[in-house]
Each structure stands twice: as structure tokens, then as C-alpha cells.
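Have a look at the structure below before the remarks.
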Amino acid sequence: MNILGFFQRLGRALQLPIAVLPVAALLLRFGQPDLLNVPFIAQAGGAIFDNLALIFAIGVASSWSKDNAGSAALAGAVGYFVMTKAMVTINPEINMGVLAGIITGLVAGAVYNRWAGIKLPDFLSFFGGKRFVPIATGFFCLILAAIFGYVWPPVQHAIHSGGEWIVSAGALGSGIFGFINRLLIPTGLHQVLNTIAWFQIGEFTNAAGTVFHGDINRFYAGDGTAGMFMSGFFPIMMFGLPGAALAMYLAAPKARRPMVGGMLLSVAITAFLTGVTEPLEFLFLFLAPLLYLLHAVLTGISLFIATALGIHAGFSFSAGAIDYVLMYSLPAASKNVWMLLVMGVVFFFVYFLLFSAVIRMFNLKTPGREDKAADVVTEEANSNTEEGLTQLATSYIAAVGGTDNLKAIDACITRLRLTVGDSAKVNDAACKRLGASGVVKLNKQTIQVIVGAKAESIGDEMKKVVTRGPVAAAAAAPAGNVATAAPAAKPQAVANAKTVESLVSPITGDVVALEQVPDEAFASKAVGDGIAVKPTDNIVVAPAAGTVVKIFNTNHAFCLETNNGAEIVVHMGIDTVALEGKGFKRLVEEGTDVKAGEPILEMDLDFLNANARSMISPVVCSNSDDYSALVILASGKVVAGQTPLYEIKGK
């Protein structure tokens, strides 16, 4: 993993423990005397902030492990206790704060990924597998304790000095932080910067003698000097960016305003209420980078002004109206937090006027002002149904180069974080037609697709679709529905079309209509048009002459590119990838040229019928959109290598 990919993944891992803070803040706030006056509720919220480093250790360990494992989370806690308790025996002054939790969480996650399946000798077998993970993590963290016991004190001094410099720099320091914070948003590295500012810099000791580090911790612990890294975000997120949204709406041609109005309104309301601004920011970041640079400068100015005015405000989640109301009467909030609203109104007009002028002056392609080809949004991109989500996930896989190019899938609140074989194969236009705000290509293997609040659900569905079978790359510039191939045309409708490919059945068995396949991706023809067969024999053959371009590692599916350019996917059974190759044996290797009827796979059909979810096997043309029609020829029983299955008609 390259360094940029590491920090991108770390940013995602930090999302889980950070997600706990809004709940803690609500409990802490509502338990205060001026609201519910229920101390045990306030203490419940305070407990989260008091043990934040431990929560980071558990959350990061779970997120970093390859399957969000509970044993990794336990190992994170074990590692944290071992390292922190051992370090202070070397130097009692050591305090790593949440960094200790992050480091031990990373160690625990890495140990799980490497040794969760370890086999030990019989007399130690009880400690093998996942039980080995907390033990090994504790050992490694003990070594880290010995190292950090001597290495960390100068680092701690440097952090303390750096924090003091930024704090002593006052308004200038907070302004620099705000500017850099926005510039790092496209890479996702802002989460790392935020963690240092919000959970590490600064120190406050309460009446009970408990020490708190970081702007957020100190603010909710009652430190009246906290908030310099938070206050200035409120005018930007609640007012400035909605002003930018209005400017982009009015800059769009009147005929296109209805198309972009709903989208801009929804992201503006989200920014105002919750402070989640990335969906709005990414609308103009990629289309008009100059505007984003202007936005970063204005954010720095806002933090500068807020600090210069002595405003101390804080948030548990982000600088939206909800957090503003919750923190307004907190002990740490300054008496002049109302000035943030005045600043907000000013920034609303500043953003509106500057964005309006710059968009028109440089003819920037903000939403609604793009070329006509960019206006097309596929139907499934607006679907909230389960089927629509599956189609959308399949389409994104195709847009990033298909399963051949997609190597790893992660997601955070607003973006898909993907590792690909070659970012040059990613179809930016196809992603935008699906509703993505933009695509960030961090390097040749690391990309981010900005999809908004549904990122995690889309990412999870993408993982499911990938396990079901291969998805071909999207065409270079498709002109309509990217994911769903047109239904097969009736024979009489294509009577004059030339047959470019004739396929024989690759399997002996019974024909099943594609719509009856117990898998939405195939049944909806998102993967391609074709037919399915329920096998009654063990041998799978090539349905046409061509090249076997891909055989999955588990040998349950293969892709054949015919001599005439048709891309045929033969997928044996549904969810058979979960069998990890059991029941399948490949008879040829990738890159082999084959003739129609030549054996490709051998199956243990008895085993598969007993263990697979279904052995109904789709045979689809993944690039069926390149042809005018697909004419089904087979029905009833078919014989592998002999019975004609379907014909593909040219345009």
C-alpha cells in the first residue's frame, strides 16, 4: 500500500470512533442543569470523552481489520492498555492522547489481517486463529511501549510547542488551519489533520484533576479557551456554502435550473443543518477548482475573524445548526457566539456575490452549465429501491473499469474509496452520469468517487455485486442507461440484421429465463443480456470460439472474448464464490484460445447442488449494448457444445 493509500484508508478508519461523538455530546448537553438537569445522563456523555483514546483504539482496530472483526476490536483495547500502562513506567509524563489509541488500533487491525487464521501446534491450538490476535497485539504493543517510552517525549514536546505556537499565533494560526483543512478535503487527509487539532493540541485540567487534550475534548470539558479550531466553521457551513449553492443555481441557464435545483437545495439544507458539506463542495471542486480555492481562502478568513473576535464555540459532529443550538449555552461557549450568525449572514452574501462573479467571468462549468452530454443521469441513479441500488452499484463497478480493474472497495460518509489496477481505465463521465459529483484520481491505483450520503450503502452493495460475478468495463462514452442493457429484441424486429455471433450452450441442463435467476444483478440484465442454464452435467465448455480472458480465482466463472468481439460471461451458480473454489476445477488457463465446445471447467455437481445457494448459471453478453439484439434460440433441455443457445445481431 502506498503512503497516500494508507492515509486515505486511515481517514476512513477514523470515521467510526468519531461517529460516537454526536451521541456523547447530546447526552452531555441534555444532562446539564439548564436543560434536563439529570447528572447521570451528563456523566454518560462525559464517559465517552473521558475514554476517547480507548474508543479510538477499538474503533480503528475494527475498521482496519479486513472484515470489521470483533476480535480485532478486543485486540485494540488490549494493545492500548498494554502500551499506555507500560510507557508511563519509563516516563510518567508521557501522554499520547488519542494517538495512542490510533496506533494500537492500527497494530491490532494489521495483526488480525495477518494472523487471524494462524494454525498452532495441537497443544497450543486453543490459542490459535482469532484468539491469537489479542495476544500478539499485546506483545507488539509492549515493544512499542519500550520504543515510545524514549522516543515519544521529544515528539510530545514538539507537538506541545507546535500547539503553543498555533495557539499563540491566535487568529493567524486558526486561519491557517481552516485554509489547510479545506485544501485536504479532496484527498480525505483532513481527517488526520482534524484528529491532531481537535483531539491532541492544547491541554486543560478540570477541577477533578482530569487532563483533556484537543479542541473538542477541552470545549466539552468546560475549557473557556477552546474552540479556535471550530468556531469559524459555523458561518461557512451554515451560511457561506448555501450562498454558493444559490449562486450556482442562478448561474445555470433557466431551462436547466429545475434539473439542478433539487440537488442544490438538498445539499445546501444538509450543510446548514448538519455541517456535512462535502456533497456540496464536490459539486464545484471538480467542475471549477478555482471556486474551491476561493472557498478554502474564505474558510481560513472566517476562522481568523472568529478567533480575532474572541468567539469560542464548538461542535461534536460538525458546524451545523443542530450543533450550534446544542452548544450555545455550554459553559465553554463564549457570550458572543451570537456573532457567528452575523458573520454567517455576511459570508452568505460574500459567497453568493463572489461565486456569481467568478462563475460568469471565467465561464465555469458549475452544475447546470456543463456541456449537454454531462446532463444525462441514468434512471437507476435516482432509485431508492433494492433493485435500483444493485443496478447502481453494478454500474459504478463498470464505470471504474469493471471487476478486472477494481481491486479494493472502501467507503466513508460521502465517497467511495477505491483501489484500481489503472486509474486511466476509470470512466469519469460514466460516474457523473450515475450521479457522482466527481472523481479524484490520487495516483495510478487510488481513486475516490464522490457519491454523497449513500456512499457506504453503495460501497457495501458493490462488494456484494463483485462476489456474484464479473462486471465488464463501461463503454468509453455510453449515451443512455449505463447499467441496464436493452431487453432482447423480438426476432421479427431484427430480421434484416446480420448475425455476428452464434453461441452454443456451455452446459448440459435445463434452460432458465434470465429474469428468473435468483440474483438481481443478472435478472435485471445489469451485467448483460442472455439466458441461464441449470446444469445436469459436470463439464463446462466454451460457448464460442475465442480467448478466455479471465477465470476467477475460485474457478466459478470465466469471461470469453469471442473472435468477433462479443464479451461472454459464464457464471456457474449464484454466490458460488463463497465456496472458495470448492467444487470447481479449471481445465484451461487465462489467455487460452479455445474453440466452441472445448472444456473450460469441471464441476463436482453433487457437492455444488448440496452447498451452493443455487446452481442456475447465467450465460450473458456483457457488452450487449454494442449490438442491436440478442435472439434466444434454446428452450427446454440443452447439451453442452451442441445446442444453439442464442444469436447476437449486429447494428
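Every residue gets a Cβ built from N, Cα and C, even glycine.
For 16-36 (among others), the entry in Swiss-Prot reads transmembrane segment, with the evidence type sequence analysis.
Positions annotated as transmembrane segment by Swiss-Prot, on the basis of sequence analysis: 40-60 (among others). Within the chain, the transmembrane segment (40-60) has long-range Cβ neighbours (under 8 A, six or more residues past its boundaries) at 10, 13-14, 16-17, 20-21, 23-32, 73, 76-77, 79-80, 84, 96-98, 100-102, 104-106, 108-109, 199, 210, 212, 216-217, 220-221.
As annotated by Swiss-Prot, transmembrane segment applies to 70-90 (among others).
What Swiss-Prot lists as transmembrane segment is 92-112 (among others), and the listing cites sequence analysis.
Here Swiss-Prot flags 132-152 (among others) as transmembrane segment.
Residues of the same chain lying 6 or more positions beyond the ends of the transmembrane segment (165-185) and with a Cβ under 8 Å from any Cβ of it are 193-194, 197, 201-202, 228-229, 231-233, 278, 281, 285, 292, 295-297, 299-308. For 165-185 (among others), the entry in Swiss-Prot reads transmembrane segment, with the evidence type sequence analysis.
Residues or ranges marked as transmembrane segment by Swiss-Prot: 192-212 (among others).
Feature annotation from Swiss-Prot assigns transmembrane segment to 232-252 (among others).
Feature annotation from Swiss-Prot assigns transmembrane segment to 264-284 (among others).
Sequence annotations record features per position, and here Swiss-Prot assigns transmembrane segment to 285-305 (among others) based on sequence analysis. Panel annotation: around the transmembrane segment (285-305), residues 171-172, 174-179, 181-183, 185-186, 228-229, 231-233, 235-236, 240-241, 244, 343, 347, 350-351, 354-355, 358-359, 362, 364-367, 370, 437-440, 450 of the same chain, lying at least six beyond its termini, place a Cβ under 8 Å from a Cβ of the stretch.
The transmembrane segment annotation in Swiss-Prot covers 308-328 (among others). Panel annotation: around the transmembrane segment (308-328), residues 21-22, 24-26, 29, 170-171, 215-216, 219-220, 224-228, 230-234, 236-238, 271-277, 334, 336-337, 339-340 of the same chain, lying at least six beyond its termini, place a Cβ under 8 Å from a Cβ of the stretch.
Packing against the transmembrane segment (339-359) from elsewhere in the chain are residues 231, 234-236, 238-244, 246-248, 250-251, 288, 290-291, 294-295, 298, 302, 305-306, 309, 311, 313, 324, 366, 369: each is 6 or more residues past its ends and has a CB under 8 Å from a CB in it. Residues or ranges marked as transmembrane segment by Swiss-Prot: 339-359 (among others).
Here Swiss-Prot flags Cys412 as active site, phosphocysteine intermediate, drawing on sequence analysis.
Summarising the annotation, Swiss-Prot assigns phosphocysteine to Cys412.
As annotated by Swiss-Prot, domain 'PTS EIIA type-1' applies to 519-623, with the evidence given as sequence analysis.
Shown in sequence order, His571, Met572, Gly573, Thr576, Val577, Leu579, Gly581, Phe584 are the residues of the chain, 6+ apart in sequence, with a C-beta less than 8 angstroms from the C-beta of His556 (site 'Important for phospho-donor activity'). His556 (site 'Important for phospho-donor activity') carries neither a helix nor a strand DSSP state and counts as coil. Residues annotated as site 'Important for phospho-donor activity' in Swiss-Prot: His556.
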Feature contact check the transmembrane segment (70-90) with the transmembrane segment (132-152), CB under 8 Å, 3 or more pairs: yes
Cβ atoms near His571 (phosphohistidine) (within 10 Å, other residues, all chains): 27
Stretch with greatest number of CB pairs under 8 Å, the transmembrane segment (232-252) reference, 70-90, 92-112, 264-284 candidates: 264-284
Local confidence of the prediction over the domain 'PTS EIIA type-1' (519-623), expressed as mean pLDDT: 86
DSSP-derived helix, strand and coil totals, residue by residue, for the domain 'PTS EIIA type-1' (519-623): 15 helix, 44 strand, 46 coil
Intrachain residues whose Cβ lies under 8 Å of the transmembrane segment (70-90), provided they are six or more past its termini: 53-54, 57-62, 64, 96, 100-101, 103-105, 107-109, 111-112, 116, 130-131, 133-134, 136-138, 140-142, 144-146, 148-150, 152
